[in-house]
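Notes to accompany the following structure.
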Amino acid sequence: MQSKFIVIEGLDGAGKSTAISFVRKYLEKNNLAAIYTREPGGTKIAEELRNLVLHNKYDEEIHSDSELLMIYAGRVQHYRNLIAPALEKGINVVSDRFYWSSMAYQGGGRGVELSKIRALNDNFLNGCEPDLVIYLDIDPILGLQRAQKVGSPDRIEKAGLEFFNRTRKVFKDLVKDSDNAIEIDAAKSIQEVEKQIYLILDKHFNFQN
C-alpha cells in the first residue's frame, strides 16, 4: 500500500491533538506504520523558528510577510528532512497542520496575498499536497475558550476574534475547493468526532472495520 500524507487542520482549540490520537489509534490497529509531527515545527531548526513566531521575546514587531517566511523556512526543513523521506520509505505521515494553515492564518488572518503563499508551496515544496486533509471546524469563540484552558495564549492566539473569523473563512473555502478534504464539526462530542474520523479513514484506506 502506498504511503499516505494525512494532515489535520483547524483553528486553535479545535481539538487537533485529540484527532491525531484517534488517527494514531486507527493506524496502529491496522498495522500501518506512521510518523506523527506538527507545524510550525517538526525538526530542530523548524522548532526554533516556531518558538520565534509564537513567542517572540524581542522588542521588535514581526511583519506579516516575515512571519510567513519564517514559517515557510521551517516548513521546507520539515518537508525535505522528515516528510518527504518518510513517504519515500513507504511510511505514512500524519501532521498537525501543513500549508493550509499558512493560507488561513497568514493569508486570511494577516492579509498576505494567497498567491504568494501558493507560490512558496509550488517553488519550495514541489507543490506538495496531502493525500487527505481532515479539517476540524469550530466557532472561533469556542476555540479560543478551549485553547485558554490549555495554557497561556501565544502570540497568534492573541490576534483577536476578527483575525480568527477571517482565518476560519479561508479554511472553509479551501475545503470547498478541495477533492481530498473533509470537514468535521469540532463542536460535537469527542465520541462523535472519533466516529467520524474512523469512517473517513475507512473510506480513505478502503477498509471496512
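Using N, Cα and C of the backbone, Cβ positions are placed for all residues, glycine too.
Noted in Swiss-Prot for the protein shown:
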- Gly10, Leu11, Asp12, Gly13, Ala14, Gly15, Lys16, Ser17: ATP binding site (BINDING)
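Feature annotations (Swiss-Prot) mapped to structure.
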residue: Gly10; record: ATP binding site; contacts (Cβ under 8 Å, 6+ apart): Lys16, Tyr135, Leu136, Asp137, Ile138, Gly143, Phe171, Ala186
residue: Leu11; record: ATP binding site; contacts (Cβ under 8 Å, 6+ apart): Leu136, Ile138, Pro140, Gly143, Phe164, Thr167, Arg168, Phe171
residue: Asp12; record: ATP binding site; contacts (Cβ under 8 Å, 6+ apart): Gly143, Leu144, Ala147, Ile156, Glu157, Phe164
residue: Gly13; record: ATP binding site; contacts (Cβ under 8 Å, 6+ apart): Ile138, Leu142, Gly143, Leu144, Gln145, Arg146, Ala147, Gln148, Val150
residue: Ala14; record: ATP binding site; contacts (Cβ under 8 Å, 6+ apart): Leu136, Asp137, Ile138, Gly143, Arg146, Ala186
residue: Gly15; record: ATP binding site; contacts (Cβ under 8 Å, 6+ apart): Leu136, Ile138, Arg146, Ala186, Ile190, Val193
residue: Ser17; record: ATP binding site; contacts (Cβ under 8 Å, 6+ apart): Asp96
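In the three-state DSSP scheme, Ser17 (ATP binding site) is classed as helix. One way to see the shell of the ATP site is to take the Cβ centroid of Gly10, Leu11, Asp12, Gly13, Ala14, Gly15, Lys16, Ser17; the remaining same-chain residues with a Cβ within 8 Å of it are Leu136, Ile138, Gly143, Arg146, Ala147, Ala186. Its Cβ taken as reference, Lys16 (ATP binding site) is surrounded by 22 other Cβ atoms within 10 Å in the chains shown.
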